[in-house]
């Protein structure tokens with residue numbers, strides 16, 4: 001006799017095996033009941049993997065975060081140290097995630113690793129925070145940056161209207177959500193185009209900075225460490241803006257099951273991307289400081305535009321155009337990767353079944369994409385980008401810390417498990433210590449932001465108990481959930497991923 005579970009599934013129907021998507025993911029022949037099994041396809045190779053990582057990392061952060069880093073550090077020299085250390089930290093973390101991604105070759109990134117190591121409740125809390133805080137927050141930040149840079153050339157001598165920025169950000173999120181629903185291959189190809197604009201914008205900044213250096217300028221570096229803040233908590237907070245700019249080095253792990261030959265392409269994509277990004281970011285910050293004084297940087301809402309206005313003359317309009325395309329491309333790839341997190345969570349029963357459905361015509365997780373798109377629009381109610389960064393960075397750093405703890409725990413619990421990539425034990429230990437410093441030291445510097453993050457995390461506990469752990473729900477509740485799932489699947493012409 002069949003019944004309904006928490007999210008409207010029939011209990012006598014076996015769930016899709018966890019490794020089902022590790023096979024070639026294409027449309028299967030119709031079964032005897034007339035239905036068809038639809039899966040996401042393996043359409044990402046090494047080039048697409050590098051483009052995904054670069055597309056997320058080189059998004060909006062490098063064009064807004066230098067202000068936040070300098071503001072918290074208090075000195076030019078320390079800000080460059082923070083940018084360099086953030087790159088090194090990201091590389092160390094990427095080495096750990098290369099091991100995690102090849103040891104647990106499942107989509108979902110941190111969610112899959114925390115689930116494997118610590119069980120369903122911690123994994124659900126990660127999913128809860130990801131969908132309530134750092135995924136839609138990051139989408140909102142990228143959208144706001146896009147809107148701000150698009151409008152800057154039209155308002156050279158006055159502040160940009162915040163409502164107009166939010167409207168443009170909302171339009172960008174809606175358009176890119178639709179494109180991601182339409183075709184993964186089209187989105188991946190767009191990343192190759194956007195990657196050129198991202199790198200071009202930063203190379204332009206670097207080249208101009210080198211020219212200024214050759215002209216003997218660069219007074220910002222006189223007494224570079226004067227005014228440096230020494231409080232450990234303040235230093236930890238200064239890392240948040242830098243870490244936000246590097247955020248995304250672990251996002252390809254969300255799409256492991258859509259990578260061709262993930263055991264080779266996942267680590268190679270990481271190893272190619274991170275050193276390149278670190279060099280570009282440090283040189284870009286040096287260039288900013290070659291042209292702008294610390295006071296000019298702190299007073300700027302769009303640092304790349306201020307930089308261009310001071311150096312490029314009549315061609316200054318090209319910089320906001322490049323930056324806008326960069327933020328637009330970063331938003332596109334972030335929408336693509338983060339939707340897989342929601343998709344995988346629904347597959348494991350932690351979100352409604354409808355969110356792990358695949359659009360039948362285009363093989364995309366359209367319900368999950370639409371759901372995250374709506375949440376991202378909610379976060380556009382504020383235009384305080386730096387407050388959003390603090391919220392997102394603290395929560396994401398906390399769960400990265402949990403994933404590294406999971407790596408060490410699995411090393412102890414299951415030492416004989418096959419590990420195609422196995423880093424020296426000192427690498428995750430060092431990363432764990434640094435992450436611990438970044439997570440716990442800001443507790444007294446930014447108590448409101450940290451406290452809100454912790455509070456939102458713990459609201460996930462009763463949600464887990466009611467929607468996941470509690471199986472014997474009233475019949476009316478199960479029927480309502482089942483109707484919601486059916487309605488959503490019909491709305492998106494989707495079927496459950498098998």
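Keep in mind that glycine also has a Cβ here, set from the backbone N, Cα and C atoms.
Bear in mind that the values here come from a model prediction, so they are computed numbers and not experimental data.
Of the listed segments 450-470, 471-491, TrEMBL assigns transmembrane segment to 450-470. For the ranges 130-150, 193-213, the feature annotated in TrEMBL as transmembrane segment maps to 193-213. Of the candidate ranges 23-43, 44-64, TrEMBL annotates residues 44-64 with the feature transmembrane segment. A Cβ distance under 8 Å defines the sequence-distant neighbours of the transmembrane segment (44-64), meaning residues of its chain 6+ beyond its ends; these are 141-142, 145-146, 149, 188, 191-192, 194-195, 198-199, 201-202, 241, 244-249, 251-252, 255, 258-261, 264-266, 268-270, 272-274, 276-277, 280-281, 284, 302-304, 323, 326-327, 329-334, 336-337, 385. Relative to the transmembrane segment (193-213), the listed stretch 311-331 leads the set 76-98, 163-181, 311-331, 424-444 in CB pairs under 8 A. The transmembrane segment (233-249) shares the most Cβ pairs under 8 Å with 76-98, out of the stretches 76-98, 110-128, 450-470. Only residues 6 or more beyond the boundaries of the transmembrane segment (424-444), in the same chain, are considered here, and those with a CB under 8 A from a CB of the stretch are 89, 92-93, 95-96, 232-233, 235-237, 239-240, 243, 394, 397-398, 400-401, 404-405, 407-408, 411, 450.
Between the transmembrane segment (311-331) and the stretches 76-98, 163-181, 450-470, it is 163-181 that has the most C-beta pairs under 8 angstroms.
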